[in-house]
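Everything on this sheet refers to the single structure shown next.
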Amino acid sequence: MGTPKPRILPWLVSQLDLGQLEGVAWVNKSRTRFRIPWKHGLRQDAQQEDFGIFQAWAEATGAYVPGRDKPDLPTWKRNFRSALNRKEGLRLAEDRSKDPHDPHKIYEFVNSGVGDFSQPDTSPDTNGGGSTSDTQEDILDELLGNMVLAPLPDPGPPSLAVAPEPCPQPLRSPSLDNPTPFPNLGPSENPLKRLLVPGEEWEFEVTAFYRGRQVFQQTISCPEGLRLVGSEVGDRTLPGWPVTLPDPGMSLTDRGVMSYVRHVLSCLGGGLALWRAGQWLWAQRLGHCHTYWAVSEELLPNSGHGPDGEVPKDKEGGVFDLGPFIVDLITFTEGSGRSPRYALWFCVGESWPQDQPWTKRLVMVKVVPTCLRALVEMARVGGASSLENTVDLHISNSHPLSLTSDQYKAYLQDLVEGMDFQGPGES
């Protein structure tokens, strides 16, 4: 017979009295209120000590045995939170988890004194019929409490060093006519984690504009990403699938504008490379054309403001982080934020159109990761939790999925808790 699982409240009181876990402490003399560190895993300054209470509970319940099991900080945190939320007589008094300097939560005993929990009690910890908070966080816990989440392989640092194998061009999206039912995915697999798996090919929709006129659109999928070039005859040893922008003579009539556009295209040289590594999209300029970029709306670039940056030459630069996008998407699904932006706009060969209409620029290119568009569309049509919708991730080895709104939100939360928050200059 195995060791009985301890009850969360007596165990927690004993940890508070010991005072050995970083940031876990009583906050009043009557010992009715206590604080728990609640730093999000996305924060750059997150340390293992910030998750000490969650690991201790995982060890106490037998969910984690050091040396045998792999550490899983997001799951520890989720299970601890779920155990607290089920407890009658305990309430969340203050939620300071968004505090930039000291994120934490303060809980309070309301129906019984601490003395009731002062002695260790190893009777089974059952769910009981206690009141449960109706926050989205608790709904996610109920959905994810019994899941076994496999860690992702280390994607390694971004690199442009290896020439790609030939990629089929273009690749069509899988049909939505026969979506794969959700149960076929397996009980422990979060399908959204495929977005981060090394080797999974993101699909990019590339649209080019000459003086505001759309002249080109193509959907590309290649493990090494893509490379915008201005000539069919390019350096095939460079990485990324070459996407050749069309000659302006095919769509423009003004000879002067045609001449300027051709000059810009000729200066692209090796091209503008864009690829994914981990949760980041990276870009690098391989030619002479200065290129500015911004993350904006699909319909038009954010021309009323300055660019987000300039694509660096001869080194990679981060242009999109999936982590904040997913955080904003979760907020959007909860109705408390705007739809996150995901379209990358590039102004090639000229300064960013900050004070002028973007249609005056010679060459503007929009790149949309179609998987991100699909995630936003799923959030928009989610509606009631009982409503099933279909989402197509538009990445390799994936098929359309039928998910309820609650399943979708739960998978988003699980995805973001497993991410790292890295600056674009870090690997």
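Each Cβ is built from the backbone N, Cα and C atoms, and glycine gets one as well.
The annotation disulfide bond is assigned in Swiss-Prot to Cys267-Cys289. Close to Cys267 (disulfide bond) in the fold, though at least 6 residues off in sequence, lie Gly230, Gly287, His288, Cys289, Gly349, each with a CB less than 8 Å from its CB. Classification of Cys267 (disulfide bond) by DSSP places it in coil, neither helical nor stranded.
According to Swiss-Prot, the feature phosphothreonine maps to Thr3 (among others), an assignment based on experimental evidence.
What Swiss-Prot lists as phosphoserine is Ser14 (among others). DSSP assigns Ser14 (phosphoserine) to a helical segment in the three-state reduction.
Here Swiss-Prot flags Thr75 (among others) as phosphothreonine.
If you look up Swiss-Prot, you'll see Ser97 (among others) marked as phosphoserine, on the strength of experimental evidence. There are 14 other CB atoms within 10 A of the CB of Ser97 (phosphoserine), with all protein chains counted.
Swiss-Prot lists Ser123 (among others) with the feature phosphoserine, giving similarity to another entry as the kind of evidence.
What Swiss-Prot records for Ser175 is (Microbial infection) Phosphoserine, and it gives experimental evidence as the kind of evidence.
Positions annotated as phosphothreonine by Swiss-Prot, on the basis of experimental evidence: Thr180 (among others).
Residues or ranges marked as phosphoserine by Swiss-Prot: Ser188 (among others).
All chains included, 8 other C-beta atoms sit within 10 angstroms of the C-beta of Thr237 (phosphothreonine). Taken from Swiss-Prot, the feature phosphothreonine applies to Thr237 (among others).
Look at Swiss-Prot and you will find Thr244 (among others) tagged as phosphothreonine. Around the Cβ of Thr244 (phosphothreonine), 18 further Cβ atoms fall within 10 Å across all displayed protein chains.
Here Swiss-Prot flags Thr253 (among others) as phosphothreonine. Within the same chain, no residue at least six positions away from Thr253 (phosphothreonine) has a Cβ under 8 Å of its Cβ. In the three-state DSSP reading, Thr253 (phosphothreonine) counts as coil.
If you look up Swiss-Prot, you'll see Ser385 (among others) marked as phosphoserine.
Taken from Swiss-Prot, the feature phosphoserine covers Ser386 (among others).
The feature diphosphoserine is assigned by Swiss-Prot to Ser386.
Residues or ranges marked as phosphoserine by Swiss-Prot: Ser396 (among others).
The Cβ of Ser14 has fewer other Cβ atoms within 10 Å than any other of the modified residues Ser14, Thr75, Thr404. Among the modified residues listed here, namely Ser14, Ser97, Thr237, Thr404, Thr237 has its C-alpha nearest to that of Thr244 (phosphothreonine). The modified residues recorded for this entry are Ser14, Thr75, Thr237, Thr404, and the Cα of Thr75 lies nearest to that of Ser97 (phosphoserine). Per-residue pLDDT, averaged over the motif 'Nuclear export signal' (139-149), rounds to 32.
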